[in-house]
Structure formats: C-alpha cells, structure tokens
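Engineer: If you look up Swiss-Prot, you'll see CYS113, CYS116, CYS165, CYS168 marked as Zn(2+) binding site. Per Swiss-Prot, compositional bias 'Low complexity' is recorded for 13-69. According to Swiss-Prot, the domain 'LITAF' annotation covers 90-177. According to Swiss-Prot, the region 'Disordered' annotation covers 1-82. The region 'Membrane-binding amphipathic helix' annotation in Swiss-Prot covers 131-151, and the record cites a curator's inference as its basis.
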Amino acid sequence: MGQDNINLNKVDGQPSSPPQEQQQQQQYPPQGYPQQQQYPPQQGYPPQQYPPQQGYPPQQYPPQQGYPQQQPPQQYPAPVGAPQQPYMATQQVVVQQVYVQPTFGVVPVDCICQHCQTRMSTKTSYKSGSMVWLVCVLLIIFGCWLGCCLIPFGIDSLKDVQHKCSHCKKVLYRFDRMSGK
C-alpha cells in the first residue's frame with residue numbers, strides 16, 4: 001500500500017516534476033508589454049527562440065536548466081588595411097517622363113507637335129462641319145428657306161474647331177461638334 005503515493009506521470013521511465021513546480025518557473029513579461037504565448041518544448045528538442053515583436057525591446061530570458069546555452073556567433077576583425085567604413089548600397093533611380101497628349105476640345109491646348117516636335121499652344125480656327133449643315137437643313141424643313149437657313153454658318157459655337165501648330169502651321173486635330181470628339 002505504500003506505493004499509492006508514487007507519481008504516475010512518468011516520461012521515459014523518469015518521474016516528472018509536479019505541475020506546481022512548472023507553474024512557478026513560468027515568468028511573466030513586465031507590465032506594459034503584451035503577454036506572448038509560450039508553448040512547452042517537445043521532448044528531445046531544445047526550445048526555440050522566437051524573434052521579439054516589432055515595436056518592443058527584446059527581452060532577455062534566463063537559461064533553462066538541462067539545456068546547453070547557445071553561444072552568440074563569433075565576429076572576426078576586418079583584415080589589416082581594409083577600410084573600416086560600412087558598405088552603403090546605392091540605388092540608381094531612372095526617371096522616365098511620360099507625356100500624355102491632352103484632350104483636344106473647343107479651347108487651345110498645350111501639347112507637343114507631332115510634326116515638328118516642339119512644345120507649344122495650339123491655334124484654333126472654326127470650320128463649318130456637320131452640326132452647321134444639320135441645323136441649316138432643319139431650318140429649311142421648318143420653313144426658314146429665305147436666307148434664315150444660312151444663320152448657322154455665322155455661329156462659331158456650331159462650327160467644328162481645328163487645332164493647328166503655332167510653329168509649323170500644320171493641322172493637329174479637328175474637334176467635331178456633332179460627335180463630341
């Protein structure tokens with residue numbers, strides 16, 4: 001009957017320590033720091049060192065009993081005559097300008113001429129287009145055939161807009177009022 005007090009928690013034939021002793025060895029982080037979840041190491045493997053969380057200073061843990069303490073990596077001095085300055089990698093930045101051709105409309109625009117490759121502001125002129133002819137035909141249909149049908153030819157807001165280069169005088173674009181393009 002004296003064997004009733006034997007600890008039945010045996011691992012590899014060796015009695016294990018009671019759970020109360022394991023709880024006393026557990027250390028808590030100082031106040032103000034979140035508690036990191038720690039897992040018990042598996043048998044046969046040394047405990048792993050996890051990197052500290054960003055934003056918090058690294059914590060020093062006392063060495064655990066029964067495991068050899070790891071040595072920090074050995075640092076070697078620089079060879080004699082070698083520069084002692086740290087190596088700074090430089091990154092070359094290539095800037096590529098992308099020029100987006102502006103949308104041609106009713107007003108002059110700043111652009112690069114596709115013919116003479118100069119940067120300039122376009123010269124605009126008004127030309128009779130499909131909108132002028134449509135309004136003229138509609139006026140004739142409604143009975144304004146005695147000269148009133150010619151009024152749309154004098155209204156610039158109904159005419160197409162032609163954009164020309166101010167240097168080489170070549171036509172760059174024609175804005176069509178009917179299609180809006």
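Each Cβ is built from the backbone N, Cα and C atoms, and glycine gets one as well.
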Engineer: Checking distant contacts: for the region 'Membrane-binding amphipathic helix' (131-151), what same-chain residues at least six beyond its ends satisfy Cβ-Cβ under 8 A?
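Structural biologist: Distant contacts of the region 'Membrane-binding amphipathic helix' (131-151): 158-160, 176-178.
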Engineer: Can you tell which of CYS116, CYS165, CYS168 has the most other C-beta atoms within 10 Å, given these are the binding-site residues?
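Structural biologist: Result of the Cβ crowding comparison: CYS165.
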Engineer: Validating a neighbour-count step here. Other CB atoms within 10 A of the CB of CYS113 (Zn(2+) binding site): how many?
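Structural biologist: Total other Cβ atoms inside 10 Å, all chains included: 17.
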Engineer: Residues near the Zn(2+) site, CYS113, CYS116, CYS165, CYS168 excluded, by Cβ within 8 Å of the Cβ center?
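Structural biologist: Surrounding the site, in chain order, are GLN114, HIS115, GLN117, THR118, MET120, SER166, HIS167, LYS169, LYS170, LEU172.
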Engineer: Which three-state DSSP class does CYS168 (Zn(2+) binding site) fall into?
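Structural biologist: Looking at the DSSP assignment, CYS168 (Zn(2+) binding site) belongs to neither helix nor strand, so coil.
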